[in-house]
Every structure is written in structure tokens, then in C-alpha cells.
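Positions annotated as (6S)-5,6,7,8-tetrahydrofolate binding site by Swiss-Prot: Leu117, Gly121, His122, Leu123, Ser349, Pro350, Phe351. Annotation source Swiss-Prot lists site 'Plays an important role in substrate specificity' at His225, citing sequence analysis. The N6-(pyridoxal phosphate)lysine annotation in Swiss-Prot covers Lys226.
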Amino acid sequence: MVYLQKQDKEVFDAIKLELGRQRANIELIASENFVSEQVMEAMGSVLTNKYAEGYPGKRYYGGCEFVDIVEDLARDRAKKLFGAEYANVQPHSGAQANMAVYHTVLEPGDTVLGMNLSHGGHLTHGSPVNFSGVLYNFVEYGVREDTKEIDYDIVREAALKHKPKMIVAGASAYPRKIDFAKFREIADEVGAYLMVDMAHIAGLVAAGLHQNPVPYADFTTTTTHKTLRGPRGGMILAKAEWEQKLNKSIFPGIQGGPLMHVIAAKAVAFGEALQPEFTTYCEQIIRNSKKLAETLQANDVAVLTGGSDNHLLLIDLKPLGLTGKAAEKVLDEVGITVNKNTIPFETESPFVTSGIRVGVAAVTTRGFDEVAIEKVGVLISEVLHNLENEEVLADVKARVATLTNEYPLYPSL
């Protein structure tokens, strides 16, 4: 960043501080990951200069012959990765991918069945503070109070009762596998479209470690970061018959020019995900997640559902008399980054919460294995049991520094 350092030291210094934070902290936010240097290189390329409204071969501007190559690469790799007939890689985010799908088949006021936010859903699955909850009549399904897992009989009952035009499956804080085939059965029974938001598990799906929703869903949306380990962005997958309508929903429906430098980075990330090494990485994610859950529970920390089938798990802090807000703050002070998170049947506000969400995708990218992640579990447990013990917290902070130094991040930057 020699040019930036010379011309705008304030921005340069802030970026260097963030690099230092990422290197020094144990990153456990489930929606974050560390992209490769080549993904970052593509994002910082001259493609950021090019406006390219429309789609390859059908642009509203001239000079798009080379960015067309890039977008075609991204689309083809995405289709190969997930076995899809159609891919749109232009959505700027997962939220906009979801919006485009809604815009394609729903009218304002239509009924949609989605997962309760505090039970693990997402803002765009019908939260009243989000466009989805404002424009459409969302009704909710959730998890069982005893198991904290989705009960498909309850989902079916809700679908039969409300007769939604669409059912949304997928979650932002659900640690167990989701049965998309079962959702398809329920959707067919009530004549509903099925949209699956696989943003959190897309990498695991690509690696064959979670049921692929693409054969079952009418529409599959995802982000391109998280477990897929690409740049921040969105994507839509569907059958070829939806190409014209979905393309129109993205442009000119809800977006203007695509971000060609980000699409290039998506293409690079998809190329990485097609390699055998990516499957090995995702297998390690699962092992690390299970080991972390096991370690936390062995140290008297409550893990919802008793474990995890994916990259994340939810910690219930109520037995410890703690809030997510307090735990997040103190963990961050010792160099462990998590986020406060509501848990099913929450009694606290979303700004306080009774839980924290932890994910292992980023630390697994960094090279953490089961031995390292067991140490992380012990460190988290010590903090949660000693939230006001300065001596213990100082010791944990020192051990965090030792651990992160063993796994260098971006040494060439």
C-alpha cells in the first residue's frame, strides 16, 4: 500500500491498525473469514474503474469485453460448484440477493413463512425492522423449546395454517443441519415457492458436508464470504427457467452497475473452492466446531443443542448469570472476538441478549486444528467463569497472544 501510505496516511494508519487487530485476535465471529491474498488482489484491481450495467454480451456501456470474461468465469464456476443451472453473481450482498428473489415472485402483502430471528433466522427473513417484514406478511416458525432444533411437523402445521406463497429456509444462527428435502415436501404440500438462504453454510455445501439445497429449492441465495471464504457479496442460484426474471430483478430492478472488481474476487474464490484443498479445509471446520463445543461443555459452559453440525455454535449464558453484551465486551478485551446473540425464547433485548455466537471458519483458515481450538475453548471458559477477575483475564490475554503468534496471519502484508 505504498501509494496509500504516501497520499492518505490517516486511512493507511486505520487499515494497518485493523490488520494488527486481525493478527492479534482470535476471530470467532461466525460470519467472518480471512480471504486469500489473491482474492484481495482481484478486489484491488483496475476492474473497480469499469461500469458494466447489464449482463455479459448485453451491456449498456461499451468496453465491457474483458469484464464479460470475468463475470462469465464467476457464473460458470458458481454453477459448477453447486450444480446449478443458473447463477447471478451481481448482488452486492446476501440481503440484496434475498430482495431480488422476493421481488421476482412476490407482491407486497403476500404471506411468507420464515424462521424467527431470535430462533436463528435472519433480518431479511421477515424482521419487522427490515424491508422484508415491511413489504410482506411474514409469519414465523421456530425451534422446539426442549431441543432448540427445528421441528418439521411444526413448520408443516404453520404452512398448512397460513398457506404462504413462499417458505424461506436457512438461518444465521442455527448450529444443526437443515433438511431441505423436508422443506421441499412442505412447500409442495401447500403450493409454495421454496427459497433457501444458505449464506452461512455455503462453503460446507460446496464441500459436500451439508445437504445441497439447489436441487430442492426454487431459489437459493447466499453470501460469498463466511464459509465460502470469498469477498463480501451475494449470489443467486436457480433453474434456467428463472434466468430472465431474476436478471431483471437485480438489474434494473434493485441495482445499477455491478461491482466488477468484487465479481472478479468472487470468481477467484469460487476457483479456490473447486480445489480439493477447500474440502480439506471445510472438514477441519467441522472437526474444530465439534471440539470447541465439547471443550466448552466439559468446562461447564452451556452449548445450545449440545453441539454443532456446521461452523458455528451458540452459547447459553443464562446458567452463568451473564449477558451476551457483557461477555462479548470482556472477551474482546482479552483478544477473543465473538458477537452477542439472541437465543431461542430470549428474555433480554437484542442489544443485551442471553447468548453469544461463535464460529470457527476464520481461525480454521488461519491454521487452527483441534489442539489449538481446545485451547480456545478453555480460554473462553476461563473468561466466562471469571468475568471480573483481572488476574485471570490478564493471564488469558497473554495466552491469546502466544496462541495467535503461533499462527501468523498475512505475513506478506
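Cβ from N, Cα, C; glycine included.
Note that the structure is predicted; figures quoted are calculated from it, not measured.
When the Cα atoms are compared, Lys226 (N6-(pyridoxal phosphate)lysine) and Pro350 ((6S)-5,6,7,8-tetrahydrofolate binding site) turn out to be 22 Å apart.
In this structure, Pro350 is the one among the binding-site residues Gly121, Pro350 with the smallest number of other Cβ atoms inside 10 Å of its Cβ. With every protein chain in view, the residue among the binding-site residues Leu117, Leu123 whose Cβ has the most Cβ partners within 10 Å turns out to be Leu117.
Counting Cβ atoms from all protein chains shown, Phe351 ((6S)-5,6,7,8-tetrahydrofolate binding site) has 9 others lying within 10 Å of its own Cβ.
Proximity of Ser349 ((6S)-5,6,7,8-tetrahydrofolate binding site) to non-local residues of its own chain (separation of 6 or more, Cβ distance below 8 Å) is seen for none. In the structure shown, the C-beta of Lys226 has more C-beta neighbours within 10 angstroms than that of any other entry among the recorded positions His122, His225, Lys226. Distance noted between the C-alpha atoms of Gly121 ((6S)-5,6,7,8-tetrahydrofolate binding site) and His225 (site 'Plays an important role in substrate specificity') is 18 Å. In this structure the C-alpha atoms belonging to His122 ((6S)-5,6,7,8-tetrahydrofolate binding site) and His225 (site 'Plays an important role in substrate specificity') are separated by 16 Å. Taken over all pairs of the listed (6S)-5,6,7,8-tetrahydrofolate-binding residues (Leu117, Gly121, His122, Leu123, Ser349, Pro350, Phe351), the Cα spread reaches a maximum of 17 Å, rounded to the nearest whole number.
His225 (site 'Plays an important role in substrate specificity') falls within neither a helix nor a strand when secondary structure is assigned with DSSP, and so counts as coil. Across the structure, Leu117 ((6S)-5,6,7,8-tetrahydrofolate binding site) and His225 (site 'Plays an important role in substrate specificity') place their CA atoms 21 angstrom apart.
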